[in-house]
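Copied over from TrEMBL, here are the features:
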BINDING   G239, E273, P274, G275, R276, Y372  pyridoxal 5'-phosphate binding site
BINDING   R276, R312, Y316, E345, Y372  substrate binding site
DOMAIN    29-370  domain 'Orn/DAP/Arg decarboxylase 2 C-terminal'
DOMAIN    35-280  domain 'Orn/DAP/Arg decarboxylase 2 N-terminal'
MOD_RES   K60  N6-(pyridoxal phosphate)lysine
Amino acid sequence: MDFFNYSNQTLHAEDVALSDIANQYGTPCYVYSRATLERHYNAYADAFASHPTRICYAVKACSNIAILNVLARLGAGFDIVSLGELERVLKAGGDPDKVMFSGLGKQAVEMRRALEVGIHCFNVESEAELYRLDQVAEDMGKVAPVSLRVNPDVDAKTHPYISTGLKENKFGIDIKDAVRIYQIAHSLPNLNVMGVDCHIGSQLTELKPFLDTFDRLIGLVDQLSEKGIKIKHLDLGGGLGVRYRDEVPPEPAEYAKLLLDKVKGMDLELAFEPGRSIAANAGVLLTQVEFLKCNPHKNFAIIDGAMNDLIRPALYGAWMNIVPVSLLPTPEGKRAYDLVGPICETGDFLGKDRELDIQAGDLLAVRSAGAYGFTMSSNYNSRNRAAEVMVDGDKTYLIRARETIEHQLAGEQILPD
Ligand SMILES: Cc1ncc(COP(=O)(O)O)c(C=O)c1O
Ligand SMILES: N[C@@H](CCCC[NH3+])C(=O)O
């Protein structure tokens, strides 16, 4: 069930009309549905309920502390990649013992803070990182829990920029080298080997690459066991795709059914790091049409949302569904528009060739924008980052105020004479 629906010809988030949100908070504005977030998280939690499993939401997808708090209250763990994400999780009331720390360039200061608060596990991506973590742990008189992120050389069949499990990608430790590096990890006095980790890519629309990865990693778990290294958990990362246009990605329940069959009888916890499949369809970007500009070659709808607000179309050529908030006909009638922002780049568009019946002043909603939307936004062209709003039933909460130019200028200074 989708909690973004039309009622009285107007798009609603749960029980609130998006036009009311635009009136109250202005545009561009990200709007999230609490019920959708909860439904998506629970789809994982329920699917894996019969097996010890950690669902660690990938904070990078959408990191507003209200979102993290909603998930923390459901018992979610978190996958983080920076000190900033860790501080967000802590501020949101997340349990440090449910945090996995991924990322290939962890700094000593980040490791220190994570050890201080007692995270569940570091997903280490290189031999050099192991030595750094061992040293930081020794300096603190602690033992660091580690998994190695293994690169299984599996083709995730997704966009090359978000495919991470091929041997030519920068991520993880080559599976062929993994036993040797596990032996090093095992021998270092301030590390405790806990698991095997991987993440092969994002927006996967088939299960086969995940299942192939599982098979390869189970082979590794067996090899390690023969060497006396006991693995407690297998973290399969995130990556389950969502429907942007006509994709039919698998549901967590289908994924669980196939995996739980394989893991049956094994003394091995599972962990997942889903981001997009929890947040994407729980959010829209609301934007307003500023002007229509029609010439013999093209019709442009110039909107107040831009590539700085949502970079996916410009960066990956991603197709996002863009719908009018009101379905009432306009005097303009239906035309094919390129939906372009005010930024001084030709790549600044959110959609091209979209058949829409719109006029200046109308509101549009970019669907599936809850993941990798706000978190990838910037101040390019010195634009203020958008507001974020959460809808919960018939209530609306401003969960991040629109930035102001004062926020942007704070901390900058000019040189003295
Ligand atoms: C290490 C890691 N875990 C989890 C995720 C979340 O992936 P997704 O949003 O595709 O579920 C990512 C991003 O792709 C990642 O890099
Ligand atoms: N930012 C990407 C996903 C990156 C996943 C992070 N490893 C997207 O919008 O599709």
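From the backbone N, Cα and C atoms, a Cβ is placed for every residue, glycine too.
Structure coloured by features recorded in TrEMBL.
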{"residue": "K60", "record": "N6-(pyridoxal phosphate)lysine", "CB count, 10 Å": "23"}
{"residue": "G239", "record": "pyridoxal 5'-phosphate binding site", "CB count, 10 Å": "30"}
{"residue": "E273", "record": "pyridoxal 5'-phosphate binding site", "CB count, 10 Å": "27"}
{"residue": "P274", "record": "pyridoxal 5'-phosphate binding site", "CB count, 10 Å": "27"}
{"residue": "G275", "record": "pyridoxal 5'-phosphate binding site", "CB count, 10 Å": "24"}
{"residue": "R276", "record": "pyridoxal 5'-phosphate binding site", "CB count, 10 Å": "27"}
{"residue": "R312", "record": "substrate binding site", "CB count, 10 Å": "20"}
{"residue": "Y316", "record": "substrate binding site", "CB count, 10 Å": "15"}
{"residue": "E345", "record": "substrate binding site", "CB count, 10 Å": "14"}
{"residue": "Y372", "record": "pyridoxal 5'-phosphate binding site", "CB count, 10 Å": "25"}
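Model confidence over the domain 'Orn/DAP/Arg decarboxylase 2 C-terminal' (29-370) is summarised by a mean pLDDT of 96. Nearest to R276 (pyridoxal 5'-phosphate binding site) in space, judged by Cα atoms and limited to the recorded positions K60, R312, Y316, E345, is K60. Annotation note: E273 (pyridoxal 5'-phosphate binding site) sits in a coil segment as assigned by DSSP.
Among the recorded positions K60, G239, E273, G275, Y372, the residue whose Cα lies closest in space to that of R312 (substrate binding site) is Y372.
With respect to ligand 1, the binding-site residues G239, Y316, Y372 contribute G239 as residues with a C-beta closer than 6 angstroms to one of its atoms, given in sequence order. Rounded to a whole value, the Cα-Cα separation of E273 (pyridoxal 5'-phosphate binding site) and K60 (N6-(pyridoxal phosphate)lysine) is 11 Å. Residues R312, Y372, taken from the binding-site residues G239, E273, P274, G275, R312, Y372, are distinguished by a CB atom under 6 angstroms from ligand 2.
Spacing of G239 (pyridoxal 5'-phosphate binding site) relative to K60 (N6-(pyridoxal phosphate)lysine) is 13 Å (Cα to Cα, whole number). Among the binding-site residues G275, E345, Y372, the ones whose Cα sits within 10 Å of the Cα of K60 (N6-(pyridoxal phosphate)lysine) are G275, Y372. Between the CA atoms of P274 (pyridoxal 5'-phosphate binding site) and E345 (substrate binding site) there is a gap of 33 Å, rounded to the nearest whole number. Among R276, R312, Y316, E345, Y372, the residues given in the record as binding substrate, the maximal Cα to Cα distance rounds to 27 Å.
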